[in-house]
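Below is one structure, written out as structure tokens; the observations come after it.
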Amino acid sequence: MLPSLLLPVLLLFLSVSLTAAAAAAAAARCTTSTPIKTYQKCMNLPTQGASLAWTYHPHNATLDLAFSGTFISPSGWVAWGLNPDSPAMTGTRALVAFSDPTSGGLLLLPFILDPGVKLQRSPLVSRPLDVPLLSSSAMLRSDSSVRDGAGLHIFATLRLSPNRTRINHVWNHGLYVQGYSPTIHPTAPSDLASRATIDVVSTATEVGPAVPSWFRSTHAVLNAASWGFLLPVGVTVARYLRQCTTVRPTWFYGHAAVQIVGFLFGTAGFSMGIIMGRASPGVTYTLHRGLGVAAFVTGGLQAAALLFRPKTTNRFRKYWKSYHHFVGYGCVVLGVVNVFQGFEVMELGGSYWKLGYCLVLSTLVGVCVALEANAWVVFCRRAEEEKVRREGRVEGHQVVKGSISI
């Protein structure tokens, strides 16, 4: 009864999760309107909560654009730039906005990021750009001065090469400016991925809408609770409670219930990951994504296997059990490893969240070690008792045989 109801429930839950996630993701959209002018197209950029609006004029190959970014400190900087060769920091012609150390007003200066900048061999010095920049300016969105969280617009008008409408652009923000020289930006994965290539003609008005701020943390909590805890607990229940004759068949229902709840939570977390991936076309966490897909596929195979569970008298039962054990343990390993990979993606490698998860996982591992030791003790004791009984039967048989011969 339980396996036959599992698949429809899982399909319904996955559909509801994807629908809700898509609706939430569609809530945040970019805007083509700025205090200076209104543009024809816009897109949310995949990192740092930034966006880009633009209008392309094909008759003279000029591009009007407005970049929207955010300061991360009062002494920080925000930059946007073009790279003629590739979507990379090295070689970018950038416009950098920061607070003028002399007057305190907002200042926008041009910089060319040559290879020496990445190695930090010398301070970054402003110099004219070697691209056809017709005009540029910057303004704060609503704040009167630069502060942590202050929004910023960088406006620019460029002349593109005829029939070349694809541009490589880079954006970022940093914590400090030394004099008139911006210092290195943070090196989190999202900051290193702040680059993209777009076609100013064919790119749709809205590409990859930004997801709500709570999406990422909810995705992390659901996946850590499901793949990283509930599924391992379900495996523990099956492995060790099955040995107890006093809880049969309760262990099976407990195992199935924990695994179903864990897989439902994992399905919700996986669907949120899909939505975030589609909303962030310029950010790819290859290992985290690959592990997540592998864990979800193995979890789905385990759920499907319940529908084809042979009876205990069926000759294929032993093959099904081997498959179920192998795929189940593989799913648990993939899930736990991906939880740790998720901590790195979220820049929580040295956080108390990771420490807390490690403590919970260590406790579960300790319980498993204790139960495994107890299981071996029970197994050895039963084997010894069986051996004594077998020897007793043999001796009794010999006694009976001797008495008959007499």
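Heads up, the Cβ atoms here are built off N, Cα and C, so glycines get one too.
Heads up, TrEMBL stuff is auto-annotated, nobody curated it.
Here's what TrEMBL has on this protein:
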- 1-21: signal peptide (SIGNAL)
- 181-380: domain 'Cytochrome b561' (DOMAIN)
- HIS219, HIS255, HIS288, HIS324: heme b binding site (BINDING)
- 220-241: transmembrane segment (TRANSMEM)
- 253-275: transmembrane segment (TRANSMEM)
- 287-308: transmembrane segment (TRANSMEM)
- 320-340: transmembrane segment (TRANSMEM)
- 352-380: transmembrane segment (TRANSMEM)
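Locations of recorded TrEMBL features on the structure.
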residue: HIS219; record: heme b binding site; CB count, 10 Å: 22
residue: HIS255; record: heme b binding site; CB count, 10 Å: 19
residue: HIS288; record: heme b binding site; CB count, 10 Å: 18
residue: HIS324; record: heme b binding site; CB count, 10 Å: 16
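Remote same-chain residues near the transmembrane segment (220-241) are listed as 247, 250-252, 254-255, 258-259, 261-266, 268-270, 272-273, 292, 295, 299, 328-329, 331-332, 334-336, 338-339, 342, 346, 357, 360-361, 364, 367-368, 371-372, 375 (criterion: CB distance under 8 Å, separation of at least six residues from the stretch ends). Mean model confidence of the domain 'Cytochrome b561' (181-380) amounts to 84 (pLDDT, 0 to 100 scale).
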